[in-house]
Structure formats: C-alpha cells, structure tokens
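Visitor: Dropping a structure here in structure tokens format, bear with me for questions.
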Amino acid sequence: MKLKKMNLPYISNTYDVRKIMFLVVLSCIPGLCTEIYFFGCGVLIQTLLFVIISLLFEIIILKMRRKNIKNSLFDYSSFLTAVLLGLSTPCALPWWMIIFSCFFAIVISKYLYGGLGQNIFNPAMIGYVVLLISFPVHMTAWNEKNSSLSFYNDIKKSINLILFYNKLNNSKKKICPDNFTEATPLDDFKTKSHFDYDFFPEESAVKKKTKIVSIAWKYINISFLIGGCFLLYKKVICWRIPLSFLSSLIFFSSITYFYSQKFFCSPLFHLFSGGTMMCAFFIATDPVTTSCTKIGKIFFGLIIGFLVWIIRNYSDYPDGIAFSVLFANMIVPLMDAYLKTSGYGHKNL
C-alpha cells in the first residue's frame, strides 16, 4: 500500500479552485437556459464570445508574464468571469463592446493587480460597469425573443447583430413606444414613478410586452436562485453573504414600500427583478473580493443590500448591483482590519 505524504495540518479539502469555479459555472446553466428562452440564442452566442475573448486575453497576459498557461488557464476563473458578463449584459451587443469589456475585466481588473487571488475588485463587475458608463443605451436594451423565428434563423439573426450590424448604432433615436418596450421592470417602474398619469395609456402592445419582460426577469431570478441553492448544498459558497444581502434589501425596501406604494417597489419586486439573485449567489460570494471573517461577510452583504436599495430608488440607474458590489469591495480591507478575530486562547481586542 502506497502512503501519500502530507504536510501539517492534516485537513482534507475536497474542493480546489478549479472544482469551485466549475461548480459555479455549472450552477449558471439554469439562468442561462432561462435567458435563452426569453431573449433568444443571442445570449448563448454572446456568452461564448465573451468566453473566447477573455481566454485569449488571459493567454496573451500569461505569455507576456512567462507563466504556465495550462495551470492558469484551466482554473476556470476567467471562464466564470466571462459567463457572468454574458449573462448580465443585454444580448446582441456589438463585438467591439465585448472586447472592450473583456479587456477591463481580465487585463485591468485581474492581472493588473497580480492575477487570481490578488485582485480587490470583482472582474465581472468591472467589465459590466465600464460598459454601463460608456454605452448606457446599449446596456438598457433587453429585447424579447421573436417567437416567429426558427432556431436557425434566431442564431443567424443574433450573429448578424453581434458581428456585422447592430440596430442601436444610430446615435439619434426617437422617443417612441418601441424604445419603451426595451426597458427592464426596474426601468419601467422608475419611469412611471415620476408621472401621475399612465405613460402611453393607449398603447396596449407596449403594456403587453412590458409585462412579458417583467415575467421573464422573475423566472430568470428564480433560475439563479435554484443554482444558488445548489451551491449552498455543495458548500461551495457561504450562506452569510446571500442571507445578509437579501435580508438587508428586504428590510429597507419594506420601509419605503409601506411609506408609499406608489413611488417605491415592493420587497418581492426587488427580490425578483434585475440581477438580485445573481448578485446574491454568484457575484457577491466571490471568495477573493469578499471579507475573510464571518462577521465581515455579514457586514459585506448588508452593505451591498443597502446600496442596491439606495441606487434603485434615488439614482438614475435602475439597478445598482455592480456599483454596490464594487463599493463594498473597496471597504473589504478595512473590514478585515477591524473585524479580524484573535488566535485560539486569546481574547478579542
């Protein structure tokens, strides 16, 4: 019998970095399938393009740094970043925007700080925020799937939009009901809350399409909730961050909702709109950019939930997931410094 030599401490760990990243990517499949069902095959094509470009950027950086490409490339960290970017951005973005986002996510946010384990900001959220600030019109265009198209025609149309032509390239867009239908439920509610009358009262088609998009986001969030429960069951992520984030969002949204149901969304609406569930289980739980302590993880989730509530209600951005996560990433070193625990047998300071 051949014995395996091990160093102290003798603690078995069933999950390495590669397996953790693989399980997280696997848990994204329900959300990916749901987005494809509601928004078309452009989601899949765009996600694959994000993956290919991200891996190419990583290969270039590893070559420049003379690192082992096989070990670094197949830890699935950049693969996961690309998948999260593909799922969080509207489908049919132009190819050059995808390259722009991947450059900031992989080169700037990850390898400029030293690579995996050294970055202080979530790479996927950096890539998302860069697109949101630079191209806000494209980032709010969530078009529903054309049910009249076949599977082949849907793929062909998506490839043409991404690689050759994009209908949003026109700098001048007229304000019409067709533009309104591209809004997410959070966009829709924020627009209507500024008016005392019904926006486009006679446009029944607009209301119908807006309702379809609202239903789509509910099922998308439920799909990510299922994937998140799988990660909790496999003990890949810690329960403290999702629980504290969702509890904070429910608490603050309940206060404003009971104050005025006309101008503020209900807690249930906040939970199943935008990227709430994706943030709770897939983005905020990034082990590199979150706090190392148990109490720090709770504060981390509470801060994100509070900031999401603030941005959704009082800013021009309909969803504040990315900005909230990045701001919380900034204060993680401060939390780890003041919330660190002492060693065994010593009193906490």
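Numbering starts at 1 and runs along the chain as displayed.
Note that Cβ sites are derived from N, Cα and C of the backbone, with glycine treated the same way.
Worth saying up front: this structure is predicted, and the values here are computed from it rather than measured.
Feature list, courtesy of Swiss-Prot:
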- THR184: FMN phosphoryl threonine (MOD_RES)
- 20-40: transmembrane segment (TRANSMEM)
- 42-62: transmembrane segment (TRANSMEM)
- 83-105: transmembrane segment (TRANSMEM)
- 120-140: transmembrane segment (TRANSMEM)
- 212-232: transmembrane segment (TRANSMEM)
- 236-256: transmembrane segment (TRANSMEM)
- 263-283: transmembrane segment (TRANSMEM)
- 291-311: transmembrane segment (TRANSMEM)
- 319-339: transmembrane segment (TRANSMEM)
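Could you place the listed features in the three-dimensional structure?
Guide: Residues 32, 35-36, 68-69, 72-73, 78-79, 81-83, 85-87, 89, 91-93, 95, 98-99, 101-103, 105-107, 111, 154-155, 157-159, 161-162 of the same chain lie 6 or more positions beyond the ends of the transmembrane segment (42-62) yet place their CB under 8 Å from a CB of it.
Residues of the same chain lying 6 or more positions beyond the ends of the transmembrane segment (120-140) and with a Cβ under 8 Å from any Cβ of it are 80-81, 84-85, 88-90, 93-94, 97, 100-102, 104-106, 108-110, 113, 166, 168, 173, 182-184, 187, 283, 286, 289, 317-318, 321-323, 325-326, 329-330, 332-333.
Beyond its flanks by at least six residues, the transmembrane segment (212-232) meets 23-24, 27-31, 33-35, 38-39, 142, 144, 181, 183-185, 188, 239, 242, 271-274, 276-278, 280-282, 285 of its own chain at Cβ-Cβ distances under 8 Å.
Tertiary proximity for the transmembrane segment (263-283) is limited to same-chain residues at least six positions away from its ends with a CB under 8 Å from its CB atoms, namely 24, 27-28, 31, 84, 87-88, 122, 124-125, 184-186, 189, 193, 214, 217-218, 221-222, 224-225, 227-228, 231-232, 237, 241-242, 245-246, 249-250, 253-254, 256-257, 304, 308-309, 312-313, 318-319, 321, 324-325.
Among residues of the same chain six or more beyond the transmembrane segment (291-311), those with a C-beta under 8 A of the stretch's C-beta atoms are 238, 240-249, 251-253, 256, 270, 276, 279, 284, 317, 319-321, 323-325, 327-328, 331-332, 335-336, 339-341.
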Visitor: For the transmembrane segment (83-105), find every same-chain residue at least 6 residues outside the stretch whose CB is under 8 Å from a CB in it, and list them.
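Guide: Long-range Cβ neighbours of the transmembrane segment (83-105): 25, 28, 31-32, 35, 39-40, 42-43, 45-51, 53-54, 57, 123-124, 126-128, 130-131, 134-135, 138-143, 158, 161-163, 166, 169, 275, 278, 282-283, 322.
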